[in-house]
Amino acid sequence: MAAPLIPLSQQIPTENSLYESYYKQVDPAYTGRVGASEAVLFLKKSGLSDIILGKIWDLADPEGKGFLDKQGFYVALRLVACAQSGHEVTFSNLNLSMPPPKFHDTSSPLMVTPPSAEAHWAVRVEEKAKFDGIFESLLPINGLLSGDKVKPVLMNSKLPLDVLGRDGHLDRDEFAVAMHLVYRALEKEPVPSALPPSFIPPSKRKKTVFPGAVPVLPGSPPPKDSLRSTPSHGSVSSLNSTGSLSLKHSLKQTQPTVNWVVPVADKMRFDEIFLKTDLDLDGYVSGQEVKEIFMHSGFTQNLLAHIWALADTRQTGKLSKDQFALAMYFIQQKVSKGIDPPQVLSPDMVPPSERGTPGPDSSGSLGSGEFTGVKELDDISQEIAQLQREKYSLEQDIREKEEAIRQKTSEVQELQNDLDLETSSLQELEAQKQDAQDRLDEMDQQKAKLPDMLSDVRQKCQDETQMISSLKTQIQSQESDLKSQENDLNRAKSELNPLQQDETQLEQSIQAGRVQLETIIKSLKSTQDEINQARSKLSQLHESRQEAHRSLEQYDQVLDGAHGASLTDLADLSEGVSLAERGGFGMQKSDFNRIKIPSC
(Lines of atoms letter the chains of each structure in order from A; the text may use other names.)
(Lines give C-alpha, C1' and ligand atoms only; values in the text may rest on other atoms or scores of the structure.)
Protein backbone atom coordinates (compact mmCIF):
# COMPACT_ATOMS: atom_id res chain seq x y z
CA MET A 1 0.00 0.00 0.00
CA ALA A 2 1.43 3.39 -0.98
CA ALA A 3 2.48 5.72 1.83
CA PRO A 4 0.42 8.89 2.28
CA LEU A 5 1.76 12.02 0.63
CA ILE A 6 2.61 15.11 2.64
CA PRO A 7 -0.54 17.28 2.95
CA LEU A 8 -0.22 20.52 1.01
CA SER A 9 -1.53 22.48 4.00
CA GLN A 10 1.35 21.21 6.12
CA GLN A 11 4.27 21.84 3.77
CA ILE A 12 7.11 24.07 5.02
CA PRO A 13 7.75 27.41 3.28
CA THR A 14 11.03 27.26 1.36
CA GLU A 15 11.90 30.86 2.29
CA ASN A 16 12.99 29.83 5.82
CA SER A 17 16.59 31.04 5.99
CA LEU A 18 17.56 28.70 8.83
CA TYR A 19 16.25 25.65 6.98
CA GLU A 20 17.91 26.90 3.82
CA SER A 21 21.28 27.00 5.56
CA TYR A 22 20.78 23.44 6.80
CA TYR A 23 19.80 22.30 3.32
CA LYS A 24 22.91 23.89 1.84
CA GLN A 25 25.06 21.67 4.06
CA VAL A 26 23.56 18.42 2.74
CA ASP A 27 23.08 19.57 -0.88
CA PRO A 28 25.77 22.18 -1.54
CA ALA A 29 25.42 21.76 -5.33
CA TYR A 30 21.64 22.30 -5.14
CA THR A 31 20.82 19.17 -7.08
CA GLY A 32 17.39 19.01 -5.46
CA ARG A 33 18.12 15.54 -4.03
CA VAL A 34 19.47 14.59 -0.59
CA GLY A 35 20.68 10.99 -0.48
CA ALA A 36 19.80 8.66 2.38
CA SER A 37 23.34 8.50 3.75
CA GLU A 38 23.80 12.31 3.76
CA ALA A 39 20.39 12.87 5.35
CA VAL A 40 20.95 10.22 8.01
CA LEU A 41 24.39 11.54 8.96
CA PHE A 42 22.98 15.05 9.29
CA LEU A 43 19.80 14.07 11.18
CA LYS A 44 21.77 11.91 13.63
CA LYS A 45 23.32 15.14 14.92
CA SER A 46 19.92 15.95 16.42
CA GLY A 47 20.55 13.39 19.18
CA LEU A 48 17.25 11.58 18.52
CA SER A 49 16.98 7.80 18.68
CA ASP A 50 17.17 5.67 15.53
CA ILE A 51 13.52 4.65 15.97
CA ILE A 52 12.32 8.27 15.91
CA LEU A 53 14.64 9.12 13.01
CA GLY A 54 13.29 6.12 11.10
CA LYS A 55 9.74 7.38 11.62
CA ILE A 56 10.80 10.88 10.52
CA TRP A 57 12.33 9.42 7.34
CA ASP A 58 9.15 7.47 6.54
CA LEU A 59 7.06 10.63 6.88
CA ALA A 60 9.50 12.80 4.92
CA ASP A 61 9.85 10.19 2.13
CA PRO A 62 6.24 8.87 1.90
CA GLU A 63 6.74 7.53 -1.62
CA GLY A 64 9.78 5.46 -0.63
CA LYS A 65 12.06 7.09 -3.24
CA GLY A 66 15.18 6.54 -1.13
CA PHE A 67 16.11 10.25 -1.16
CA LEU A 68 14.61 13.57 -0.05
CA ASP A 69 13.81 16.55 -2.17
CA LYS A 70 14.05 20.02 -0.69
CA GLN A 71 10.50 20.05 0.64
CA GLY A 72 10.94 16.55 2.10
CA PHE A 73 14.15 17.66 3.86
CA TYR A 74 12.31 20.67 5.31
CA VAL A 75 9.58 18.36 6.57
CA ALA A 76 12.26 16.16 8.19
CA LEU A 77 13.75 19.23 9.93
CA ARG A 78 10.29 20.28 11.14
CA LEU A 79 9.61 16.79 12.49
CA VAL A 80 12.98 16.84 14.30
CA ALA A 81 11.87 20.09 15.94
CA CYS A 82 8.59 18.37 16.93
CA ALA A 83 10.44 15.48 18.57
CA GLN A 84 12.90 17.79 20.36
CA SER A 85 9.97 19.86 21.70
CA GLY A 86 8.26 16.77 23.12
CA HIS A 87 5.50 16.61 20.48
CA GLU A 88 4.46 13.47 18.65
CA VAL A 89 6.10 12.98 15.27
CA THR A 90 3.05 13.34 12.98
CA PHE A 91 1.97 15.52 10.07
CA SER A 92 -0.72 17.09 12.25
CA ASN A 93 1.94 18.73 14.46
CA LEU A 94 3.90 20.39 11.63
CA ASN A 95 2.06 23.72 12.06
CA LEU A 96 2.56 23.92 15.83
CA SER A 97 4.59 26.79 17.22
CA MET A 98 7.93 25.39 18.40
CA PRO A 99 11.65 26.27 18.53
CA PRO A 100 13.75 25.44 15.45
CA PRO A 101 15.60 22.10 15.33
CA LYS A 102 18.98 21.88 17.03
CA PHE A 103 21.98 19.87 15.87
CA HIS A 104 25.14 19.17 17.85
CA ASP A 105 27.82 20.69 15.64
CA THR A 106 25.69 23.08 13.54
CA SER A 107 24.73 25.57 16.24
CA SER A 108 25.63 28.39 13.87
CA PRO A 109 23.87 27.37 10.67
CA LEU A 110 25.36 30.26 8.69
CA MET A 111 28.87 28.79 9.06
CA VAL A 112 29.76 25.20 8.27
CA THR A 113 31.91 23.54 10.93
CA PRO A 114 34.90 21.69 9.45
CA PRO A 115 34.48 17.95 10.10
CA SER A 116 36.80 16.57 12.76
CA ALA A 117 39.19 13.65 12.25
CA GLU A 118 36.85 11.45 14.26
CA ALA A 119 33.79 12.23 12.08
CA HIS A 120 32.03 9.40 10.29
CA TRP A 121 33.44 8.34 6.90
CA ALA A 122 30.97 7.06 4.33
CA VAL A 123 33.44 4.36 3.23
CA ARG A 124 32.92 1.42 5.59
CA VAL A 125 35.85 -0.51 7.05
CA GLU A 126 35.12 -3.68 5.11
CA GLU A 127 34.78 -1.67 1.88
CA LYS A 128 38.07 0.09 2.55
CA ALA A 129 39.85 -3.27 2.93
CA LYS A 130 38.52 -4.46 -0.46
CA PHE A 131 39.37 -1.19 -2.18
CA ASP A 132 42.89 -1.31 -0.75
CA GLY A 133 43.29 -4.77 -2.29
CA ILE A 134 42.23 -3.45 -5.69
CA PHE A 135 44.52 -0.43 -5.22
CA GLU A 136 47.51 -2.69 -4.63
CA SER A 137 46.60 -4.91 -7.60
CA LEU A 138 46.93 -1.88 -9.91
CA LEU A 139 50.61 -1.48 -8.90
CA PRO A 140 50.67 2.08 -7.52
CA ILE A 141 53.87 4.10 -7.90
CA ASN A 142 54.97 5.86 -4.70
CA GLY A 143 51.50 5.18 -3.23
CA LEU A 144 49.70 6.87 -6.15
CA LEU A 145 47.73 5.66 -9.17
CA SER A 146 47.71 7.67 -12.36
CA GLY A 147 44.48 8.70 -14.01
CA ASP A 148 45.18 6.39 -16.95
CA LYS A 149 45.12 3.28 -14.75
CA VAL A 150 41.83 4.09 -13.06
CA LYS A 151 40.18 5.80 -16.03
CA PRO A 152 38.31 2.64 -17.26
CA VAL A 153 36.88 2.01 -13.83
CA LEU A 154 35.75 5.60 -13.40
CA MET A 155 34.41 5.88 -16.92
CA ASN A 156 32.22 2.83 -16.40
CA SER A 157 30.70 4.50 -13.33
CA LYS A 158 29.51 7.44 -15.51
CA LEU A 159 30.72 9.86 -12.84
CA PRO A 160 31.11 13.60 -13.58
CA LEU A 161 34.56 14.45 -14.92
CA ASP A 162 36.16 16.85 -12.52
CA VAL A 163 39.31 17.11 -10.44
CA LEU A 164 39.86 15.14 -7.20
CA GLY A 165 43.39 16.30 -6.46
CA ARG A 166 45.90 18.80 -7.74
CA ASP A 167 48.55 16.29 -8.77
CA GLY A 168 46.57 14.22 -11.33
CA HIS A 169 46.92 11.03 -9.25
CA LEU A 170 44.87 9.13 -6.67
CA ASP A 171 46.26 7.95 -3.36
CA ARG A 172 44.81 5.04 -1.38
CA ASP A 173 42.03 7.04 0.36
CA GLU A 174 41.08 8.97 -2.78
CA PHE A 175 40.87 5.70 -4.71
CA ALA A 176 38.59 4.28 -1.96
CA VAL A 177 36.28 7.30 -2.31
CA ALA A 178 36.21 6.88 -6.09
CA MET A 179 35.40 3.17 -5.82
CA HIS A 180 32.70 3.90 -3.23
CA LEU A 181 31.10 6.33 -5.68
CA VAL A 182 31.38 3.72 -8.44
CA TYR A 183 29.35 1.25 -6.46
CA ARG A 184 26.82 3.89 -5.53
CA ALA A 185 26.40 4.60 -9.23
CA LEU A 186 25.95 0.89 -9.96
CA GLU A 187 23.18 0.76 -7.34
CA LYS A 188 21.45 3.64 -9.15
CA GLU A 189 22.10 6.10 -6.35
CA PRO A 190 22.69 9.71 -7.38
CA VAL A 191 26.35 10.66 -7.56
CA PRO A 192 26.99 14.17 -6.20
CA SER A 193 28.84 16.69 -8.30
CA ALA A 194 30.73 17.72 -5.16
CA LEU A 195 31.70 15.56 -2.21
CA PRO A 196 29.61 15.83 0.97
CA PRO A 197 31.70 16.19 4.17
CA SER A 198 31.12 12.55 5.09
CA PHE A 199 32.86 11.40 1.88
CA ILE A 200 36.07 13.30 2.57
CA PRO A 201 38.76 10.88 3.82
CA PRO A 202 39.81 11.55 7.43
CA SER A 203 43.39 12.09 6.21
CA LYS A 204 42.17 15.00 4.07
CA ARG A 205 40.20 16.76 6.78
CA LYS A 206 43.06 18.71 8.35
CA LYS A 207 42.26 21.58 6.01
CA THR A 208 39.13 23.71 6.26
CA VAL A 209 36.75 22.24 3.75
CA PHE A 210 33.52 23.84 2.74
CA PRO A 211 30.72 21.87 1.06
CA GLY A 212 30.95 22.22 -2.70
CA ALA A 213 34.70 22.89 -2.76
CA VAL A 214 35.92 19.31 -3.17
CA PRO A 215 36.25 18.03 -6.77
CA VAL A 216 35.56 14.44 -7.66
CA LEU A 217 37.99 13.05 -10.29
CA PRO A 218 41.70 13.34 -11.23
CA GLY A 219 43.02 16.82 -11.94
CA SER A 220 44.08 16.23 -15.51
CA PRO A 221 41.05 14.88 -17.31
CA PRO A 222 41.80 13.09 -20.58
CA PRO A 223 40.86 14.85 -23.79
CA LYS A 224 37.22 14.75 -24.73
CA ASP A 225 38.04 12.85 -27.92
CA SER A 226 39.72 10.06 -26.00
CA LEU A 227 36.78 9.94 -23.62
CA ARG A 228 34.39 9.50 -26.49
CA SER A 229 36.43 6.60 -27.82
CA THR A 230 35.97 4.73 -24.56
CA PRO A 231 32.85 2.54 -24.58
CA SER A 232 30.30 4.27 -22.39
CA HIS A 233 27.99 1.35 -21.92
CA GLY A 234 30.35 -0.80 -19.85
CA SER A 235 29.75 -1.39 -16.18
CA VAL A 236 31.47 -2.74 -13.13
CA SER A 237 29.75 -6.00 -12.32
CA SER A 238 30.63 -6.89 -8.74
CA LEU A 239 33.31 -7.48 -6.14
CA ASN A 240 34.17 -11.06 -5.32
CA SER A 241 34.94 -12.38 -1.85
CA THR A 242 38.67 -11.53 -2.13
CA GLY A 243 38.05 -7.88 -2.91
CA SER A 244 39.04 -8.08 -6.61
CA LEU A 245 37.24 -6.09 -9.26
CA SER A 246 35.64 -7.63 -12.34
CA LEU A 247 35.21 -5.28 -15.29
CA LYS A 248 32.69 -6.25 -17.93
CA HIS A 249 31.75 -4.57 -21.19
CA SER A 250 28.64 -5.62 -22.97
CA LEU A 251 26.78 -4.51 -26.03
CA LYS A 252 23.50 -5.25 -24.30
CA GLN A 253 21.48 -2.45 -22.83
CA THR A 254 21.50 -2.05 -19.06
CA GLN A 255 18.63 -3.91 -17.44
CA PRO A 256 16.05 -1.67 -15.75
CA THR A 257 16.59 -1.33 -12.02
CA VAL A 258 13.99 -2.95 -9.79
CA ASN A 259 13.40 -1.19 -6.45
CA TRP A 260 13.94 -3.26 -3.33
CA VAL A 261 10.96 -3.92 -1.07
CA VAL A 262 12.99 -3.16 2.06
CA PRO A 263 12.59 0.59 2.83
CA VAL A 264 15.78 2.58 3.35
CA ALA A 265 14.94 3.51 6.94
CA ASP A 266 14.22 -0.11 7.83
CA LYS A 267 17.41 -1.22 6.05
CA MET A 268 19.49 1.14 8.17
CA ARG A 269 17.84 -0.13 11.34
CA PHE A 270 18.35 -3.76 10.30
CA ASP A 271 22.01 -3.02 9.47
CA GLU A 272 22.56 -1.76 13.01
CA ILE A 273 21.05 -4.96 14.40
CA PHE A 274 23.23 -6.97 11.99
CA LEU A 275 26.43 -5.28 13.22
CA LYS A 276 25.49 -6.07 16.83
CA THR A 277 24.65 -9.67 15.94
CA ASP A 278 27.72 -10.42 13.77
CA LEU A 279 29.92 -11.28 16.75
CA ASP A 280 32.78 -12.79 14.70
CA LEU A 281 32.74 -9.80 12.28
CA ASP A 282 32.89 -12.05 9.21
CA GLY A 283 30.13 -10.16 7.38
CA TYR A 284 27.64 -13.00 7.89
CA VAL A 285 25.35 -14.18 10.66
CA SER A 286 24.67 -17.83 11.38
CA GLY A 287 21.45 -19.40 12.55
CA GLN A 288 22.84 -19.59 16.09
CA GLU A 289 23.62 -15.87 16.10
CA VAL A 290 20.14 -14.80 14.98
CA LYS A 291 18.19 -17.51 16.81
CA GLU A 292 17.27 -15.29 19.74
CA ILE A 293 16.18 -12.41 17.45
CA PHE A 294 14.05 -14.67 15.26
CA MET A 295 12.48 -16.56 18.19
CA HIS A 296 11.57 -13.24 19.84
CA SER A 297 8.97 -12.77 17.09
CA GLY A 298 6.91 -15.63 18.57
CA PHE A 299 6.51 -17.38 15.20
CA THR A 300 6.61 -21.14 14.75
CA GLN A 301 9.87 -22.81 13.81
CA ASN A 302 8.43 -23.87 10.45
CA LEU A 303 7.61 -20.26 9.53
CA LEU A 304 11.02 -19.01 10.67
CA ALA A 305 12.70 -21.81 8.73
CA HIS A 306 10.77 -20.76 5.60
CA ILE A 307 11.84 -17.11 6.08
CA TRP A 308 15.46 -18.24 6.51
CA ALA A 309 15.25 -20.33 3.30
CA LEU A 310 13.88 -17.32 1.37
CA ALA A 311 16.61 -14.98 2.66
CA ASP A 312 19.45 -17.50 2.19
CA THR A 313 19.35 -17.12 -1.60
CA ARG A 314 22.71 -18.82 -2.10
CA GLN A 315 21.99 -21.60 0.41
CA THR A 316 25.23 -21.04 2.30
CA GLY A 317 23.74 -21.54 5.74
CA LYS A 318 24.59 -17.92 6.63
CA LEU A 319 23.02 -14.57 5.89
CA SER A 320 24.78 -11.50 4.56
CA LYS A 321 23.75 -8.02 5.65
CA ASP A 322 21.22 -7.63 2.81
CA GLN A 323 19.87 -11.18 3.30
CA PHE A 324 19.46 -10.51 7.02
CA ALA A 325 17.60 -7.26 6.24
CA LEU A 326 15.27 -9.19 3.91
CA ALA A 327 14.54 -11.79 6.60
CA MET A 328 13.85 -9.07 9.19
CA TYR A 329 11.57 -7.33 6.65
CA PHE A 330 9.49 -10.52 6.25
CA ILE A 331 9.26 -10.88 10.04
CA GLN A 332 8.27 -7.20 10.43
CA GLN A 333 5.58 -7.52 7.75
CA LYS A 334 4.13 -10.55 9.53
CA VAL A 335 4.22 -8.91 12.98
CA SER A 336 2.89 -5.45 12.06
CA LYS A 337 0.57 -6.19 9.11
CA GLY A 338 -0.05 -9.94 9.30
CA ILE A 339 1.36 -10.45 5.77
CA ASP A 340 2.74 -13.95 5.29
CA PRO A 341 6.10 -14.34 3.52
CA PRO A 342 5.86 -15.48 -0.11
CA GLN A 343 6.62 -18.97 -1.30
CA VAL A 344 9.29 -17.67 -3.68
CA LEU A 345 11.05 -14.32 -4.00
CA SER A 346 9.71 -11.85 -6.53
CA PRO A 347 12.28 -9.72 -8.46
CA ASP A 348 11.77 -6.73 -6.15
CA MET A 349 12.51 -8.91 -3.13
CA VAL A 350 15.92 -10.13 -4.33
CA PRO A 351 18.62 -8.10 -2.49
CA PRO A 352 20.44 -5.67 -4.83
CA SER A 353 23.75 -7.31 -3.96
CA GLU A 354 22.37 -10.65 -5.24
CA ARG A 355 21.05 -9.38 -8.57
CA GLY A 356 24.46 -9.35 -10.27
CA THR A 357 25.27 -12.98 -9.43
CA PRO A 358 26.09 -14.85 -12.67
CA GLY A 359 23.75 -17.65 -13.59
CA PRO A 360 24.30 -20.84 -15.54
CA ASP A 361 23.71 -19.13 -18.87
CA SER A 362 26.31 -16.44 -18.26
CA SER A 363 29.12 -18.56 -16.81
CA GLY A 364 30.54 -19.43 -20.19
CA SER A 365 30.75 -15.85 -21.34
CA LEU A 366 32.76 -14.55 -18.41
CA GLY A 367 36.03 -13.02 -19.53
CA SER A 368 35.21 -12.99 -23.22
CA GLY A 369 35.93 -9.64 -24.87
CA GLU A 370 36.60 -7.93 -21.54
CA PHE A 371 39.41 -5.57 -22.59
CA THR A 372 39.88 -2.14 -21.05
CA GLY A 373 43.03 -1.07 -22.87
CA VAL A 374 45.09 -1.38 -19.66
CA LYS A 375 47.19 -4.55 -19.58
CA GLU A 376 47.19 -4.91 -15.81
CA LEU A 377 43.40 -4.58 -15.61
CA ASP A 378 42.92 -6.98 -18.55
CA ASP A 379 45.09 -9.64 -16.89
CA ILE A 380 43.28 -9.21 -13.58
CA SER A 381 39.92 -9.33 -15.34
CA GLN A 382 40.82 -12.58 -17.12
CA GLU A 383 42.06 -14.15 -13.90
CA ILE A 384 38.94 -13.04 -12.06
CA ALA A 385 36.74 -14.43 -14.83
CA GLN A 386 38.50 -17.77 -14.59
CA LEU A 387 38.16 -17.75 -10.82
CA GLN A 388 34.48 -16.87 -11.15
CA ARG A 389 33.92 -19.77 -13.53
CA GLU A 390 35.65 -22.12 -11.11
CA LYS A 391 33.77 -20.59 -8.23
CA TYR A 392 30.46 -20.98 -10.03
CA SER A 393 31.25 -24.63 -10.83
CA LEU A 394 32.17 -25.27 -7.21
CA GLU A 395 29.06 -23.48 -6.03
CA GLN A 396 26.99 -25.65 -8.36
CA ASP A 397 28.60 -28.79 -6.93
CA ILE A 398 28.11 -27.51 -3.42
CA ARG A 399 24.47 -26.69 -4.12
CA GLU A 400 23.89 -30.16 -5.57
CA LYS A 401 25.58 -31.82 -2.62
CA GLU A 402 23.72 -29.60 -0.19
CA GLU A 403 20.48 -30.45 -1.93
CA ALA A 404 21.30 -34.16 -1.65
CA ILE A 405 22.23 -33.66 2.00
CA ARG A 406 18.97 -31.81 2.59
CA GLN A 407 17.03 -34.63 0.95
CA LYS A 408 18.85 -37.25 3.00
CA THR A 409 18.43 -35.15 6.10
CA SER A 410 14.74 -34.79 5.31
CA GLU A 411 14.41 -38.56 4.83
CA VAL A 412 16.29 -39.23 8.06
CA GLN A 413 14.15 -36.68 9.83
CA GLU A 414 10.99 -38.29 8.49
CA LEU A 415 12.22 -41.73 9.60
CA GLN A 416 13.15 -40.29 12.97
CA ASN A 417 9.70 -38.73 13.23
CA ASP A 418 8.11 -42.09 12.34
CA LEU A 419 10.31 -43.81 14.93
CA ASP A 420 9.37 -41.25 17.55
CA LEU A 421 5.70 -41.69 16.65
CA GLU A 422 5.90 -45.49 16.89
CA THR A 423 7.84 -45.27 20.15
CA SER A 424 5.25 -42.92 21.55
CA SER A 425 2.45 -45.28 20.42
CA LEU A 426 4.24 -48.26 22.00
CA GLN A 427 4.68 -46.43 25.27
CA GLU A 428 1.02 -45.46 25.21
CA LEU A 429 -0.02 -49.11 24.58
CA GLU A 430 2.20 -50.34 27.39
CA ALA A 431 0.65 -47.79 29.71
CA GLN A 432 -2.84 -48.93 28.65
CA LYS A 433 -1.83 -52.60 29.23
CA GLN A 434 -0.59 -51.83 32.73
CA ASP A 435 -3.76 -49.94 33.49
CA ALA A 436 -5.90 -52.90 32.29
CA GLN A 437 -3.87 -55.33 34.44
CA ASP A 438 -4.32 -53.15 37.50
CA ARG A 439 -8.06 -53.00 36.90
CA LEU A 440 -8.19 -56.83 36.45
CA ASP A 441 -6.38 -57.42 39.76
CA GLU A 442 -8.75 -55.06 41.48
CA MET A 443 -11.76 -56.91 40.05
CA ASP A 444 -10.34 -60.28 41.27
CA GLN A 445 -10.06 -58.89 44.76
CA GLN A 446 -13.63 -57.61 44.58
CA LYS A 447 -14.80 -61.05 43.32
CA ALA A 448 -13.20 -62.83 46.33
CA LYS A 449 -15.11 -60.56 48.68
CA LEU A 450 -18.47 -61.09 46.99
CA PRO A 451 -19.60 -64.42 48.83
CA ASP A 452 -19.14 -62.92 52.27
CA MET A 453 -20.85 -59.77 51.13
CA LEU A 454 -23.73 -61.87 49.68
CA SER A 455 -24.16 -63.76 52.99
CA ASP A 456 -24.25 -60.52 54.92
CA VAL A 457 -26.81 -59.11 52.52
CA ARG A 458 -29.06 -62.19 52.89
CA GLN A 459 -28.93 -61.98 56.70
CA LYS A 460 -29.79 -58.35 56.49
CA CYS A 461 -32.69 -59.20 54.16
CA GLN A 462 -34.13 -61.67 56.72
CA ASP A 463 -33.79 -59.17 59.51
CA GLU A 464 -35.44 -56.55 57.36
CA THR A 465 -38.31 -58.99 56.51
CA GLN A 466 -38.99 -59.67 60.20
CA MET A 467 -38.86 -56.01 60.94
CA ILE A 468 -41.29 -55.31 58.14
CA SER A 469 -43.76 -57.93 59.54
CA SER A 470 -43.52 -56.37 62.99
CA LEU A 471 -44.06 -52.97 61.50
CA LYS A 472 -47.11 -54.18 59.58
CA THR A 473 -48.65 -55.52 62.84
CA GLN A 474 -47.95 -52.23 64.54
CA ILE A 475 -49.47 -50.38 61.63
CA GLN A 476 -52.66 -52.44 61.79
CA SER A 477 -52.94 -51.84 65.56
CA GLN A 478 -52.32 -48.16 65.06
CA GLU A 479 -54.92 -48.02 62.30
CA SER A 480 -57.54 -49.59 64.68
CA ASP A 481 -56.63 -47.12 67.40
CA LEU A 482 -56.81 -44.35 64.87
CA LYS A 483 -60.35 -45.29 63.83
CA SER A 484 -61.43 -45.38 67.51
CA GLN A 485 -59.89 -42.00 68.09
CA GLU A 486 -61.63 -40.66 65.01
CA ASN A 487 -65.00 -41.81 66.39
CA ASP A 488 -64.25 -40.16 69.72
CA LEU A 489 -63.27 -37.07 67.86
CA ASN A 490 -66.56 -37.00 65.93
CA ARG A 491 -68.55 -37.38 69.18
CA ALA A 492 -66.54 -34.62 70.81
CA LYS A 493 -67.22 -32.42 67.79
CA SER A 494 -70.97 -33.08 68.07
CA GLU A 495 -70.85 -32.14 71.78
CA LEU A 496 -68.73 -29.15 71.06
CA ASN A 497 -71.30 -27.47 68.79
CA PRO A 498 -73.91 -26.74 71.54
CA LEU A 499 -71.17 -25.61 73.86
CA GLN A 500 -69.90 -23.26 71.20
CA GLN A 501 -73.44 -21.84 70.83
CA ASP A 502 -73.70 -21.41 74.61
CA GLU A 503 -70.33 -19.80 74.57
CA THR A 504 -71.49 -17.37 71.89
CA GLN A 505 -74.57 -16.45 73.91
CA LEU A 506 -72.52 -16.04 77.06
CA GLU A 507 -70.09 -13.83 75.21
CA GLN A 508 -73.03 -11.71 74.00
CA SER A 509 -74.43 -11.56 77.59
CA ILE A 510 -70.99 -10.68 78.88
CA GLN A 511 -70.71 -7.97 76.26
CA ALA A 512 -74.09 -6.55 77.27
CA GLY A 513 -73.12 -6.85 80.97
CA ARG A 514 -69.90 -5.02 80.20
CA VAL A 515 -71.87 -2.19 78.63
CA GLN A 516 -74.15 -2.05 81.68
CA LEU A 517 -71.14 -2.35 83.96
CA GLU A 518 -69.50 0.57 82.24
CA THR A 519 -72.69 2.57 82.72
CA ILE A 520 -72.88 1.57 86.36
CA ILE A 521 -69.22 2.35 86.84
CA LYS A 522 -69.78 5.78 85.35
CA SER A 523 -72.81 6.31 87.61
CA LEU A 524 -70.86 4.96 90.58
CA LYS A 525 -68.05 7.30 89.80
CA SER A 526 -70.48 10.21 89.59
CA THR A 527 -72.10 9.12 92.84
CA GLN A 528 -68.70 8.75 94.44
CA ASP A 529 -67.88 12.27 93.40
CA GLU A 530 -71.12 13.49 94.94
CA ILE A 531 -70.43 11.47 98.11
CA ASN A 532 -66.97 13.00 98.28
CA GLN A 533 -68.48 16.43 97.91
CA ALA A 534 -71.13 15.61 100.57
CA ARG A 535 -68.43 14.29 102.87
CA SER A 536 -66.49 17.45 102.37
CA LYS A 537 -69.53 19.54 103.18
CA LEU A 538 -70.38 17.28 106.13
CA SER A 539 -66.89 17.71 107.45
CA GLN A 540 -67.26 21.43 107.15
CA LEU A 541 -70.61 21.27 108.89
CA HIS A 542 -69.13 19.12 111.60
CA GLU A 543 -66.43 21.66 112.18
CA SER A 544 -68.98 24.47 112.12
CA ARG A 545 -71.12 22.56 114.59
CA GLN A 546 -68.17 22.08 116.92
CA GLU A 547 -67.38 25.73 116.61
CA ALA A 548 -71.01 26.61 117.36
CA HIS A 549 -71.00 24.22 120.26
CA ARG A 550 -67.94 25.89 121.68
CA SER A 551 -69.63 29.26 121.18
CA LEU A 552 -72.71 28.06 122.98
CA GLU A 553 -70.62 26.82 125.81
CA GLN A 554 -69.02 30.20 126.00
CA TYR A 555 -72.49 31.81 126.03
CA ASP A 556 -73.47 29.52 128.78
CA GLN A 557 -70.40 30.43 130.70
CA VAL A 558 -71.02 34.08 129.99
CA LEU A 559 -74.62 33.75 131.00
CA ASP A 560 -73.66 31.84 134.07
CA GLY A 561 -71.21 34.53 135.09
CA ALA A 562 -73.16 37.54 133.78
CA HIS A 563 -72.94 39.29 136.93
CA GLY A 564 -69.19 39.49 136.81
CA ALA A 565 -68.85 39.84 133.07
CA SER A 566 -68.24 42.99 131.29
CA LEU A 567 -69.92 44.41 128.29
CA THR A 568 -66.82 43.74 126.29
CA ASP A 569 -67.18 40.00 126.72
CA LEU A 570 -70.81 40.19 125.58
CA ALA A 571 -69.70 42.05 122.52
CA ASP A 572 -67.17 39.32 121.76
CA LEU A 573 -69.83 36.66 122.14
CA SER A 574 -72.14 38.56 119.84
CA GLU A 575 -69.36 38.71 117.30
CA GLY A 576 -68.82 34.95 117.67
CA VAL A 577 -72.46 34.35 117.04
CA SER A 578 -72.26 36.46 113.91
CA LEU A 579 -69.28 34.45 112.80
CA ALA A 580 -71.16 31.24 113.38
CA GLU A 581 -73.98 32.53 111.25
CA ARG A 582 -71.59 33.44 108.47
CA GLY A 583 -69.93 30.05 108.77
CA GLY A 584 -73.23 28.42 107.89
CA PHE A 585 -73.77 26.32 110.97
CA GLY A 586 -77.40 26.24 109.92
CA MET A 587 -78.51 27.71 113.20
CA GLN A 588 -81.54 29.90 112.88
CA LYS A 589 -81.94 33.11 114.68
CA SER A 590 -84.81 31.61 116.57
CA ASP A 591 -82.33 29.12 118.02
CA PHE A 592 -80.52 31.99 119.58
CA ASN A 593 -83.79 33.55 120.64
CA ARG A 594 -84.59 30.43 122.54
CA ILE A 595 -81.51 31.04 124.57
CA LYS A 596 -82.66 33.01 127.56
CA ILE A 597 -80.23 35.50 128.88
CA PRO A 598 -80.73 35.90 132.54
CA SER A 599 -81.33 39.42 133.74
CA CYS A 600 -78.81 41.18 135.84
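Using N, Cα and C of the backbone, Cβ positions are placed for all residues, glycine too.
The domain 'EH' annotation in TrEMBL covers 15-104 (among others). In the predicted model, the domain 'EH' (15-104) has a mean pLDDT of 86.
Annotation source TrEMBL lists domain 'EH' at 127-206 (among others).
TrEMBL lists 211-241 (among others) with the feature region 'Disordered'.
The annotation compositional bias 'Low complexity' is assigned in TrEMBL to 232-241 (among others).
Remote same-chain residues near the domain 'EF-hand' (265-300) are listed as 36, 40, 50-51, 53-55, 57-58, 61, 126, 307-308, 316-321, 324-325, 327-329, 331-332, 334-335 (criterion: CB distance under 8 Å, separation of at least six residues from the stretch ends). Among the features that TrEMBL reports, domain 'EF-hand' is placed at 265-300.
The domain 'EH' annotation in TrEMBL covers 266-356 (among others).
The region 'Disordered' feature in TrEMBL is assigned to 340-372 (among others).
For 356-369 (among others), the entry in TrEMBL reads compositional bias 'Low complexity'.
If you look up TrEMBL, you'll see 377-544 marked as coiled coil.
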* To do: For the domain 'EF-hand' (265-300), give the DSSP counts of helix residues, strand residues and coil residues.
  => 22 helix, 2 strand, 12 coil
